[in-house]
Each structure stands twice: as structure tokens, then as C-alpha cells.
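Reviewing the structure listed below.
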Amino acid sequence: MEEEIAALVIDNGSGMCKAGFAGDDAPRAVFPSIVGRPRHQGVMVGMGQKDSYVGDEAQSKRGILTLKYPIEHGIVTNWDDMEKIWHHTFYNELRVAPEEHPVLLTEAPLNPKANREKMTQIMFETFNTPAMYVAIQAVLSLYASGRTTGIVMDSGDGVTHTVPIYEGYALPHAILRLDLAGRDLTDYLMKILTERGYSFTTTAEREIVRDIKEKLCYVALDFEQEMATAASSSSLEKSYELPDGQVITIGNERFRCPEALFQPSFLGMESCGIHETTFNSIMKCDVDIRKDLYANTVLSGGTTMYPGIADRMQKEITALAPSTMKIKIIAPPERKYSVWIGGSILASLSTFQQMWISKQEYDESGPSIVHRKCF
């Protein structure tokens, strides 16, 4: 009668939440990590208006809501809203009873310890899960690419990090984190579109700009040359129709926006670009393993989906590395979901089953158990 109970895999990103069942090859539910609350007083009685909306429903009613993201830079900043998102994931998206399934959650490396303790506490105390585990996002991406050695450059909506992994072990001293990711690029695009005379200010309008970014932006192989091309001809211009039917045209903004990944000074940040961060991460590793990292540089996360990003990374890292070094940038087509896919693989391995933190262990040790059991 022993029926295999599938584990749930939830990759809570700053921008999108990916959820589904271990063993599946793609997440069942992908929805924005947003909680929306009405901006105005309801006047029509019996409309069944709610005091909060989550995910796609919040997105579709965004014109009358104030949208908030409870996860900023990979760290949960509003636990009440986070609980709403998890509740929505279990009961509305996956339609499961959380008390019947082990749950695998993900988090960004170098997150505050309190963050994963609180995640653990909510899973066991609010949702009564039988078991749970918290995995590092980048490690899962490497699993998904079928490797045990490599450096993962994972860039999502809230945080970018480079994680060197050797024979399955993440090398914590060489992990670097950059708080520059998709949301900052969206904000930057809002700013440079304003310079063109289009005004985007509200939280709802930010979502429109995010869509423009996802559909039209790309990474230039040579930024200066691309700027010259854009100035001398209109070949790079594209138009976009806003929800109200107005059509806007964007030109050099298409590649100026993601260029900030390579030149954070565009955003007034003093950090290194993603290419230098990746290189610095490799240089913090033992000299003997660098060759393997250069040859296995894996891109993951939604912010690596820009056309041209892999070629540009190849060019930039080749310029930084020793001249004889073989450099290979791996950009799997499913990299938007590779963290989730890696989680699905991990949670369905027979060898992983002893790794879960059980409710019993939690009851004996409290939330701090998560630091001992999860890497």
C-alpha cells in the first residue's frame, strides 16, 4: 500500500515563484511573488472584494492595487505576505495539503541565518509539513545542467550571485553576491524611458516596463559600437504597444538597460559587473581547480535570458583570464527554471531522502536545526 508521496519543490524568487512536484521536468505553477492591496475604498456591496490578492490575480487587477514584493534581494522582508504567497502556492496553485508532503525550499547564498530559520519555522508551525529542506539556488542550477563541478552565475529578479562548486561542494569562501538584478534593470529602464518622455511611475506601470524589458532588451557584444549604430540609423528601433493602445518606440534603451549588468556604474553602484564578479569568484578558488571552473561557467536565472548575454560573457571573461585558458559559457535554454528543475532532481534522489529535516527533529532542536542539516 506504500504509495510514494511526491515532495513539493518551491523556488521562491524575488520576482517569480516556481512551484511543483519533485520528479516533474518543469514547475506546475509559475506566478509573480506579489501581494496586492486595494488602493481605494470599495463602494459596491456584495462584489466579494478581498483585502489582498496574490500572484496573477494581483497582476490582473494591478490598476486598482498597490503591489508589494515580500522578497527583496533574495531576502524575505515581509513574513505575513510571504505566508500568503505560500498559502496561495499550496492551496490555490498546487491544490495540495502541505501537511502531507515534504517541502524543498530554495534560498540565495549568503542570506542572513535568521531568514532560513524563519522559513523553517513557518513550514513546520504554520503549515505542519512532515519534513522540509532549504537548498542553495545556484547548486540546484548546476544539478540541472548535469554537472558536479562548475561556477554558476545565477541572476534573478532580486539578487545575482556567483557560486563555484567543485565535485558537488560549494566553496563558500569564493561565493560572491551582487545586489543588482532584474528589478534594478526594470527600474533603470523606467528611468531611461522617462528621459525619452514616457512616464512610468506607479507599481502597476513598473510591470509594463518589465514586460518591455523582457520582450525587447538585449545585450550588445560591443557597447560603444552599438551606441554608434543606434545614433546613426533607426535599424535598432522597436515599437511596443501599451495596454491603452499608445505605441512607444525604443532604440538604444534596448541594450543600455542590460548593459548595467556589465557596468553597474550606470545605476550609480560601485560594484563590479557580472563578468568581473564571475572572474573574481574563480580567482578566490584554489589554483588547481580554476581550469575546470572556466570551462564550466553555467548561466542561470531569468536575468540571464537576454539575447547576446552568453557571447558577451565569453568575450569579457576571455579578456580577463589567462590567454591560453579554455573558456566555456553554458546557457541552457531552460535556465529560467533551472533552479526549480535542480530541486526537482534533488528531491527525487533516493540518496537525498535521509537529508530531509523531519518534524520530529524540528520539535527536538527548534529552527536552528536548519543550519546543521542544510548546507
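For all residues, glycine too, the Cβ spot is worked out from N, Cα and C.
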Query raised in the report: Pick from His40, His73, His161, His371: which does Swiss-Prot describe as tele-methylhistidine?
Result: His73
Report summary line: According to Swiss-Prot, of the residues Lys84, Lys113, Lys118, Lys238, the one annotated as N6-methyllysine is Lys84
Report task. Would you kindly give the Cα-Cα distance separating His73 (tele-methylhistidine) and Lys84 (N6-methyllysine), rounded to the nearest Å? Result -> 19
**Report entry** Neighbourhood of His73 (tele-methylhistidine) by C-beta distance under 8 A, where only residues 6 or more apart in the same chain count
**Finding:** Ser14, Ala108, Gly158, Val159, Asp179, Ala181
Report summary line: For Lys84 (N6-methyllysine), the number of neighbouring Cβ atoms whose distance to its own Cβ is within 10 Å equals 17
